[in-house]
Amino acid sequence: MGASSLPPAWQLYLKDHRVSTFKNWPFLEGCACTPDRMAEAGFIHCPTENEPDLAQCFFCFKELEGWEPDDDPIEEHKKHSSGCAFLSVKKQFEELTLSEFLKLDKERAKNKIAKETNNKQKEFEETAKKVRCAIEQLAAAE
């Protein structure tokens, strides 16, 4: 079974697939945070206009930017997301049993749901703040 036949989220378990996301990555040879080392630490490159070096762990969804050439991706990952289960996996994706993989992917799915829920809550709170402000302005105008 080829990597392309895997669901997109599962393709990210393959280091080569993660490496392929590092197009226009500013740190190449002579740096600690090369695309290969970033992918080894679980990161994918997801740049934005304002954050060209934004990288996100595909597993815990922690986003880090402001990379320096000497930053060690695994150490930075541990420092900012020490509970990421991906960091404790000692086998390659292809070596995991089905049971091990499904248990691991269940953790990734829980992380994704938590991240999305947190984002929606922030969005709701921002909207509620704007609505409250508009209501207060209406009340003050009376």
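Cβ atoms here come from the backbone N, Cα and C positions, even for glycine.
Among the features that Swiss-Prot reports, Zn(2+) binding site is placed at Cys57, Cys60, His77, Cys84. Marked as phosphoserine by Swiss-Prot: Ser20. If you look up Swiss-Prot, you'll see Lys23, Lys90, Lys110, Lys112, Lys115, Lys129 marked as N6-acetyllysine. Under the heading phosphothreonine, Swiss-Prot lists Thr34, Thr48, Thr117, citing similarity to another entry as support. Annotated repeat 'BIR' per Swiss-Prot: 18-88, in sequence order. Annotated site 'Interaction with FBXL7' per Swiss-Prot: Glu126, in sequence order, evidence recorded as similarity to another entry.
Structure with Swiss-Prot features highlighted.
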residue : record                        : CB count, 10 Å
Lys23   : N6-acetyllysine               : 8
Thr48   : phosphothreonine              : 9
Cys57   : Zn(2+) binding site           : 25
His77   : Zn(2+) binding site           : 24
Cys84   : Zn(2+) binding site           : 21
Lys90   : N6-acetyllysine               : 5
Lys115  : N6-acetyllysine               : 15
Thr117  : phosphothreonine              : 10
Glu126  : site 'Interaction with FBXL7' : 10
Lys129  : N6-acetyllysine               : 10
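Between the modified residues Lys110, Lys112, the minimum number of other C-beta atoms within 10 Å of a residue's C-beta occurs at Lys110. The secondary structure of Thr48 (phosphothreonine), as reduced to three states from DSSP, is coil rather than helix or strand. Neighbour count (other Cβ atoms within 10 Å of the Cβ, all protein chains): 18 for Thr34 (phosphothreonine). In the three-state DSSP assignment, the secondary structure recorded for Lys110 (N6-acetyllysine) is helix. Proximity note: of the listed modified residues (Lys23, Thr34, Lys110, Lys112, Lys115, Thr117), Lys110, Lys112, Lys115 have a CA within 10 Å of the CA of Cys60 (Zn(2+) binding site), given in sequence order. In the three-state DSSP scheme, Cys84 (Zn(2+) binding site) is classed as coil.
Looking only at the modified residues Thr48, Lys115, Thr117, Lys129, the one with its C-alpha closest to Lys23 (N6-acetyllysine) is Thr48.
For Cys57 (Zn(2+) binding site), the spatially nearest entry among the modified residues Ser20, Thr48, Lys90, Lys112, Thr117 is Lys112, judged by CA separation.
In this structure the C-alpha atoms belonging to Lys90 (N6-acetyllysine) and Lys115 (N6-acetyllysine) are separated by 25 Å.
Of all the recorded positions listed (Ser20, Cys60), Cys60 sits in the most crowded Cβ setting, with the most other Cβ atoms within 10 Å. For the repeat 'BIR' (18-88), the predicted model reports an average pLDDT of 96.
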